[in-house]
Amino acid sequence: MRVPLSWLREYVDLPAGVTGRDVQAKLVSAGLEVETVEQLGAGLKGPLVVGRVLTIEELEGFKKPIRFCTVDVGDAGGTSQAGGSGGGTGEPQEIVCGARNFAVGDKVVVILPGGVLPGDFHISARKTYGHTSHGMICSARELGMGDDHDGIVVLPPGSETGADAIELLELVDEVLDIAVTPDRSYCLSLRGVAREAAIAYGVPLRDPALLDVPAHNGEGYPVRIADQDGCDRFTARTVTGLDPEAVSPIWLQRRLQKVGMRPISLTVDVTNYVMFELGQPLHAYDRSRINGPIGVRRAHPGEKLTTLDGAERILDPEDLVITDESGPIGLAGVMGGADTEIADGGSSDVVIEAAHFDPVAIARTSRRHKLGSEASRRFERGTDPLTTSAAAQRTVDLLVGLAGGTAEAGVTEIAAPTEPRVITMPADHPDRVAGTDYGRETVVRRLQEIGCDVLGSDELTVTVPSWRPDLSYPNDLAEEVIRLEGYENLPSTLPQPPAGRGLTESQLLRRRVGRALAGAGYIEALSYPFIGTEVFDQLGLDEDDERRRTVRLANPLDDTEPALRTTLLPGLLSTLRRNTGRGAHDLALFEIGLVFLPAAEQVRPPRLPVDRRPTDEEIAALQAALPDQPRHVGTVLAGARERPGWWGPGHPATWADAIEAARTVAREAGVELTVQAGRYAPFHPGRCAVLLAGEQVVGHAGELHPRVTKAFGVPERTCAMEINLDLVEASGGVRATGPRVSTFPVATQDVALVVDADVPAASVEAALRAGAGELLESARLFDIFTGPQIGEGRKSLAYALRFRAPDRTLTADEATAARDSAVASAARQTNATLRGA
Amino acid sequence: MSAPNKSYDPVEVEALKPDAIERMRADALAAIAAAGDLEALTHVKTAHTGGGSPLALANREIGALPPQAKAEAGKRVGQARGAVNQALAARQVELEAERDARVLVEEAVDVTLPYDRRPAGARHPLTTLSDRIEDIFTAMGYEVAEGPEVEAEWFNFDALNFPPDHPARETQDTFFVEGPDGGSESGVVLRTHTSPVQIRALLQRELPVYVIAPGRVYRSDELDATHTPVFAQVELLAVDEGLTMADLKGTLDHMVVSLFGEGMTTRLRPNHFPFTEPSAEMDMLCYVCRGESVGNPDRPCRTCSSEGWIELGGCGVVNPRVLTACGVDPEKYSGFAFGFGIERMMMFRHNVEDMRDIVEGDVRFTLPFGMEI
């Protein structure tokens, strides 16, 4: 809402010398978000006067048509180039002009040498197009009046030649731009903002809606309201005999321009003006174009209406429409129809509509048709139902006064019976909400200032004004008191919560996992969860892969990414690609985040009430409508895991690093993962690990399939891991028990076992451990050897076995026996033979 | 080497004459002093104290002396051998020290060599800043509450007093989950704030409730220097008997002091949110200029554009209708809540100029933030 300070002063006697910035500060403190204060005409300096065009000479031979004019500027003419304002000799001025939208005799705005236009544009007499131009004829844009640059400003014929145009056009002003929150609909009007300004400055308000209005008399234009829920109030007034030639006076046009409306025609301008003044949207119909009574009803299915913007709209049975005998003639509260609009040349007889519509109905219609207007903006936030008659009266008065019309005596005033809203509240309620002591007297005074009637002593009975549909509950009234007393004056106290239990195990685990991965050299990335479904092809997923089932958005930001991720890898891979694209080489990234897995069948959650706690069953039904959202951890690696340098060669990131990242995560949850060979997209079929916690698959790790690295444009041999942290957490959580530390000496035995090449090392180690018995402290694979000595298709695995007893020094025989038992077990379970045996 | 000679003339043994002993001793000491390294010293030791050394031989001759001469000769030889051994030991220590010093010098390295063998890791600053904020409040007794990111509209809007079709709903720029019919009427959205977690907390927890709800939220804004469609938020909810707006103010003040240091404070400005009444916009004192740039053109402040205050987020007294929807008696309980975006907090706490740097995952941005923030 744009509020010109000059207009605001019409209703509030602001102290002399108060600037727009001052008013801004006061209103911000009262809760109006005044975003900017625009300085109109900043730097503007005269002489800027009304001129009358005396002669026009068309100059030929230039790239564009140019006019050489003489202009009568009254006394202002003939001043010297350096001259300031005032007294000239009265001689006509010779001025060159590039615009063509004026004729001899027109009144125009002329800036004379010595003047300065906004933007520090200094005017002097200068030679151009073969003539000396003593000044310039101005356009609206040059004057800072608006964006209109179609031509120069042509003033109404009655404008006085030589008059100061800065004053006439109110070119110097300040305009407050207020972002009105949805609850303060009344501030979408000068009347509402003036009320706040009056309270802020402690001065009285001249309420422009306080008008004498005639009552319904049955002789006005007939109106039939078929839907009182949608329209509980309708005022219709008729004005006849308007001068179709009449144009809006300068002051009216200027005020509309300053609030951001384009002047159109007198009748339309007046309805807009009154809407900005009082907050009540109005509509004017050309009476000669409406047939029979005006009606208000819901649209019939399939009905059509061409609105003022020229669009044909198919109406919904919920749409509230204005009708005549021919059918819909307007979308109520949103936009009028093209058929009954005021004709371009003006209409001589008009019917004025000022109504009150149901905010929800207007909001739905506006949204349904994607059609917003100044009217719908006000109706959907709630207008003052008691202002319709005053707004109609104000419109009638202006039309009569400005266009010579006659107000018909007939007045239609339809109003459903309504009671003002009454709130009862303990007088100390604002005190208790604020945590300070205002006292009853202050509370009552503040509520009265905003227009409430207040009765009672300890228990207040507060009748709220018709323009405040937002005030319904005691806390609404408390806010009014607290904001007017100043939020800045609230005390600052610190409540004492009961002792808390700190972070949950799950929250602690997440932090540990993040720290562990970062400690292992991974950098956290937080990707957007939006994906396009083509990533599943890039990942090489089977057609029936579960991960292809996604939660989809109805209104994605980017139509190519309409779904939510079911895996973290696409996001990590695109972050990897971005980094390599920017020149990074050795990269290890991780992400901890949710993935979104749709339920087998999508159900709509029930619409639950808000006037009570939902039952547990209702909450469960809401929950059941949501997708499963497990938390995953993913990593990707490319380049060197260890860089080469003066210390020696480096070590590329491999599938083994990816698996180790998964182990790192699991260990933070107290889980030792089991690793098995597997085949799972997007991994290399020979370099993919299935990760298990106990019997449950919790994730996969390994090197990516070469086709996948190619499809994502990431380095060859990129490795990755993804693990379901929720599952890992669920299988962990066992508190570690303190080991008994033996201080007896260790006995070390190395064994080299030869097995078939496809026997997993994990099986060999498991067999060794099983056979070694309780004396085994550790078994560590320290070498793998293949070669002709071992035989084709065979490999040798060398293990260091460490044996130790808790209570004695082991004898060599004991250690050897344990080793032999381990080897025998490996032989049984994996066909291993002791190398060299 | 010969066996002791028992058949010689016991009166005169040349080797045991005092000057002979003295010579042996002097020779040994000179050789010891002349030994340049430990190896040479080993040779010297063998030559002058070994079994075939003159002093050892001399010692062996003592037995051949008449008893009356034994004591004196024995004393003389013993003293000489003692002196030699002592000199040997001293020289040994001396030479070892010399050797050690030389070896350590030879083993010296260039300790200024760079060592980036294993690339460093880091957590994302949004995560660590969120942790830090959580820690401030868990230290006060608050607990951290969480909820799903894909959320039912009832939690995200209805229960928070956004009536259906109310214009306030449209201000949220909501992503709607597609329904089975392909439309947006699924009743499920990407949460637009972490406020639904407040509702879940009130439904699940025993009163009083003091929770902080950090998490990812979604608004359909295009990514640019100051907006991102996916961002992190922290909200706080306190519901107890007798909580006031002054308690809200105090809690905010405590938070900004914890995050930015002593002397920091907040300011409330009236605003409107459906879920709070009264509602306020919260600003914090500009931590750079502390308000001193206001009206002081000589000392402009880029952080706050010389406004003196930085807008943080929204807050207010929990709307009693929200309590009702959660089955909490608004006659008995009251509460306060606030919420703000962590990206924004990070931008001014860590002087980040472009939102895109925070969301793009460029390792050059994240790495310097390390493990904690």
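Every residue gets a Cβ built from N, Cα and C, even glycine.
Classification of A:Asp476 (Mg(2+) binding site) by DSSP places it within a helix. Sequence-distant contacts (6 or more apart, same chain, Cβ under 8 Å) of A:Asp476 (Mg(2+) binding site) comprise A:Ile423, A:Asp470. Here TrEMBL flags A:Asp470, A:Asp476, A:Glu479, A:Glu480 as Mg(2+) binding site.
According to DSSP, the domain 'TRNA-binding' (A:42-166) comprises 5 helix, 47 strand, 73 coil. Look at TrEMBL and you will find A:42-166 tagged as domain 'TRNA-binding'.
Per TrEMBL, the feature domain 'B5' maps to A:418-492. With helix defined as DSSP H, G or I and strand as E or B, the domain 'B5' (A:418-492) counts 31 helix, 13 strand, 31 coil.
Here TrEMBL flags A:742-835 as domain 'FDX-ACB'. The DSSP breakdown of the domain 'FDX-ACB' (A:742-835) into helical (H, G, I), extended (E, B) and coil residues amounts to 31 helix, 32 strand, 31 coil.
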Would you mind listing, in sequence order, the residues at least six apart from A:Glu479 (Mg(2+) binding site) in the same chain with a Cβ closer than 8 Å to its Cβ?
A:Val433
Which residue, out of the binding-site residues A:Asp470, A:Glu480, shows the minimum number of other Cβ atoms inside 10 Å of its Cβ in this structure?
A:Asp470
For the domain 'TRNA-binding' (A:42-166), the mean pLDDT of the predicted model:
82
